[in-house]
2 protein chains.
Amino acid sequence: MTETRWLNEVTWDDQGLVPVIAQDADTGDVLMFAWMNRDALARTVETGEAVYWSRSRRKIWHKGEESGHVQRVREIRLDCDGDVVLLKIEQEGGIACHTGRRSCFFTRLHDGAQWQAVDPVLKDPKDIYK
Amino acid sequence: MTETRWLNEVTWDDQGLVPVIAQDADTGDVLMFAWMNRDALARTVETGEAVYWSRSRRKIWHKGEESGHVQRVREIRLDCDGDVVLLKIEQEGGIACHTGRRSCFFTRLHDGAQWQAVDPVLKDPKDIYK
């Protein structure tokens with residue numbers, strides 16, 4: 001039987017989810033933010049690759065299943081309240097974002113007044129999702 | 001009149017909130033995760049220091065107001081869906097967590113089976129919150 005006591009120590013929200021931050025294990029760049037349910041977190045540990053819960057599609061989502069941009073998990077951390085997970089990952093292909101950029105956080109607030117996309121598209125999404 | 005169009009470009013959830021990741025601007029360490037409402041994000045930009053919305057206390061919370069551990073904001077980023085904010089900050093006192101640790105993410109999953117606190121307490125919380 002798989003030991004799952006550690007899963008009970010996560011504080012799941014009223015929808016059974018926990019927010020997850022995916023951070024590049026080497027550079028420290030924050031690449032992505034997503035959600036997991038209990039099953040997704042268990043599968044993440046079992047497979048060693050990030051598995052999320054898609055709130056829009058309402059299903060388990062093995063990151064990279066279409067794009068090939070899987071996230072190999074080097075470390076899993078939990079915050080002081082037990083209700084946020086931090087993954088330290090190696091990003092296959094160097095692209096985490098569905099826009100073809102390295103990180104989803106490519107938009108910066110300029111002069112406290114205007115959002116600007118500041119990071120480059122590394123690969124055309126049309127060539128990622130064929 | 002303050003220009004607030006940029007605030008409308010944030011995708012607020014059904015409670016009017018957005019999740020926020022606070023990252024050390026120099027080291028890249030993820031220090032904290034919290035929430036902001038529209039007012040908190042506006043005040044963060046106005047003051048240059050992180051202002052959050054406390055979901056448990058249901059009020060605006062200027063981080064460091066009690067502890068002195070304010071977060072000076074160097075950069076604000078938004079993710080590709082516009083529904084997650086990333087702050088790059090300088091952490092006053094080097095302590096973001098209410099436990100007296102540098103980061104709230106001091107608990108690591110060991111052998112895929114056990115959560116372990118792995119980072120040291122830098123200051124006794126009794127000496128922080130007097």
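All residue numbers here begin at 1 and follow the chain in the order shown.
Cβ from N, Cα, C; glycine included.
Going by TrEMBL, these are the annotated features:
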- B:Asp79, B:Asp81, B:Asp83: Mg(2+) binding site (BINDING)
- B:Cys80, B:Cys97, B:Cys104: Zn(2+) binding site (BINDING)
- B:32-106: domain 'Phosphoribosyl-AMP cyclohydrolase' (DOMAIN)
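Around B:Asp81 (Mg(2+) binding site), the C-beta neighbours below 8 angstroms that are at least 6 residues distant in the chain are B:Thr11. In this structure, the CA atom of B:Asp83 (Mg(2+) binding site) is 24 Å away from the CA atom of B:Cys97 (Zn(2+) binding site). Of all the binding-site residues listed here (B:Cys80, B:Cys97), the one with the fewest other CB atoms within 10 A of its own CB is B:Cys80. Note on the binding-site residues B:Asp79, B:Asp83, B:Cys104: the fewest other CB atoms within 10 A surround the CB of B:Asp83.
For the domain 'Phosphoribosyl-AMP cyclohydrolase' (B:32-106), the model's average pLDDT works out to 97. B:Cys104 (Zn(2+) binding site) sits 22 Å from B:Asp79 (Mg(2+) binding site), counting Cα to Cα. Put simply, B:Cys97 (Zn(2+) binding site) is 24 Å from B:Asp79 (Mg(2+) binding site) when counted between their Cα atoms.
For the domain 'Phosphoribosyl-AMP cyclohydrolase' (B:32-106), the DSSP counts in helix, strand and coil order read 13 helix, 30 strand, 32 coil.
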